[in-house]
Structure formats: C-alpha cells, structure tokens
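Novice: I have a structure I would like to understand better, so I am pasting it below and will then ask my questions one at a time.
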Amino acid sequence: MMLKNTPERWGAVSQLLHWLSVVLILGLGVLGLVMVELPRSPRWFWVYDLHKSLGLSVLALAALRLAWRAYAGAPRPVPGTPRWQARAASATHALLYLLVFAVPLSGWAYDSVSGLRPLRWFGLFKVPKLAAPSQELQPLVRDAHEWLFWILIALVAVHAAAAFYHHLFQRDATLARMLPGRGAASPSSTPAAEIR
Ligand code: HEM
Ligand code: HEM
C-alpha cells in the first residue's frame, strides 16, 4: 500500500487521517452530548478535560491533513463522474474541512471566554486562551459550538450517503479508494465489487 496519494486512489496517510478524524469527531460528539448532562461538579472535570484535549487533537489532525493533501495531492474524480457531481463533492469536502476547523476552534473559544481553569492538553502543556473572559460572549460562543457541530453532522450524513450510493448503486471505486485494499495500481474504474 502506498503512503502517498496517486491520481487513482488515496494513500495510507490520507486514509488513516480521514478515518481517525471520523472516529474522533463522532466520539467527541457523543462525549460532548453526554458531558453536558452531567452534574456540574469537580468530579466530572476529567470528562471535560478529555473532551477538550481530544478536540484540540482533531484540530491538529485537520491541519496535518491539509498540509499532507497539499504535499501528496488528491486523486482525480472517478472516471465517468458527471461534472456537476465532481463539483458538488468538492464543495462538500471544502465545507467539511471548514467545519472540522470551526467546531474545535469554537470549543476552544468557548473555553477561553468562559474564563475557566487553565486548559492543559492531556495534562502535558498549557494551551493559551484565544480571548479574554466575557460573560456576554459565553452563551453565544457555546451556541455556536453546538450549532456548528449539528451542521457538521448534517453534512457528514449527506457525505456518507453519497459514498454508500456510489458503492452500492453506481458500483464505482469512490468508497473503495478511501479504504485499505489493493495497491495504487487498481484502476479506479474497476467496479467496487471486483476489487473488494
Ligand atoms: C471536533 C471536535 C469537537 C466536537 C465534535 C465537539 C462536540 C461537542 C458537543 C456535541 C457538545 C455538546 C453541546 C451541547 O449540547 O451543548 C460539546 C460541548 C462542549 N465542548 Fe466540544 N467539541 C469539540 C471540540 C471541543 C474543543 C477543542 C473544546 C475546548 C478546547 C470543546 C469544549 C467544549 C465545552 C466546554 C463544552 C460544554 C459546553 C456547555 O457547557 O454547554 N469542544 N462539544
Ligand atoms: C466526521 C465525519 C467525516 C468527515 C469530517 C469527512 C471528511 C472528508 C473530507 C474533507 C474528504 C475530502 C478529502 C480531501 O479532498 O482531502 C473526505 C473524503 C471521503 N470521505 Fe469522508 N468524512 C467523514 C465521514 C465519512 C464517512 C462516514 C464515509 C463513508 C461511509 C466517508 C467517505 C469518504 C470517501 C469515500 C471519501 C473520498 C471521496 C473521493 O475520493 O472522491 N467519510 N471526507
């Protein structure tokens, strides 16, 4: 399996970064929703700390991912893809990237304006605050964090449905080329059923 992306498929690094981010983002969503239902007591601070540290890791992974994409390039659209579909996919991917930055940044901003205890990444080093504490901004930024998360989830639902549609109905390599499997030589036009 190639590390770098080729014109036909995603390499190991892009695949790892994509699926690791998926697991972390969905896990953080569940953790976030459960966490806000817990009684506000020091007993549960560790859950908040875990959410924040993992969330900041997603931000770092997103930056790494974009840097790797700039270096390793991206595959061409699967042959036969109508132009409107390629455009819709690019627009969705751009929005997904935007939200993968915006959601953790808004969480970090919320932590900052709340004027909470110093934030330490997995207890290892102190993370700077993005803004001064502000009673006024606090509810706004908290709502922004929650809403941006739900917008991300809605977009992910469309994105995942499109991937499954390609795999099950178009029977092309869209999903297969984001999964570990045969090397870069697999022609991307090979029906997914044949390269499984
Ligand atoms: C991709 C990363 C992240 C995801 C998917 C995520 C998701 C969520 C969700 C779904 C909630 C519950 C919202 C609600 O129902 O009120 C939440 C709450 C929260 N998040 Fe995040 N979050 C992320 C990153 C971060 C980061 C990086 C920080 C801080 C450094 C952070 C700080 C918080 C805090 C403090 C709350 C509690 C808000 C409250 O008290 O109502 N989050 N997050
Ligand atoms: C938190 C959830 C997710 C996020 C944030 C996300 C984000 C992205 C982004 C930004 C890209 C474009 C990569 C690039 O151009 O650099 C991408 C590609 C892709 N994603 Fe996701 N994704 C998520 C979940 C999923 C799920 C659940 C599936 C499938 C079931 C999936 C399947 C794919 C596939 C197949 C591609 C490659 C598309 C192509 O080659 O044209 N993603 N994803």
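Each residue, glycine too, has its Cβ placed from N, Cα and C.
Because TrEMBL annotations are produced automatically, they should be read as predictions rather than curated entries.
This is the feature table in TrEMBL:
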DOMAIN    9-181  domain 'Cytochrome b561 bacterial/Ni-hydrogenase'
TRANSMEM  12-34  transmembrane segment
TRANSMEM  54-72  transmembrane segment
TRANSMEM  93-110  transmembrane segment
TRANSMEM  147-168  transmembrane segment
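If you look at the structure here, what lies around each of the features I listed?
Specialist: Beyond the ends of the transmembrane segment (12-34), by six or more residues, the same chain brings 1-5, 47, 50-51, 54-55, 57-58, 61-62, 64-65, 68-69, 72, 74, 100, 103, 149, 152-153, 156, 178-180 to within a C-beta distance below 8 angstroms of the stretch.
Cβ atoms under 8 Å from those of the transmembrane segment (54-72) belong to residues 4-5, 11, 13-14, 17-18, 20-21, 24-25, 27-28, 31, 97, 100-101, 103-105, 107-108, 121, 127 of the same chain, restricted to positions at least 6 beyond its ends.
Remote same-chain partners of the transmembrane segment (93-110), defined as residues 6 or more beyond its termini with a Cβ less than 8 Å from a stretch Cβ, comprise 21, 25, 51-52, 55-56, 58-59, 62, 66, 119, 127, 130-131, 138, 141-142, 144-145, 148-149, 151-152, 155-156, 159.
Counting only same-chain residues 6+ beyond the ends of the transmembrane segment (147-168), those with a CB under 8 A from a CB of the stretch are 25, 29, 32, 78, 89, 92-93, 95-96, 99-100, 102-103, 106, 174-176, 178, 192.
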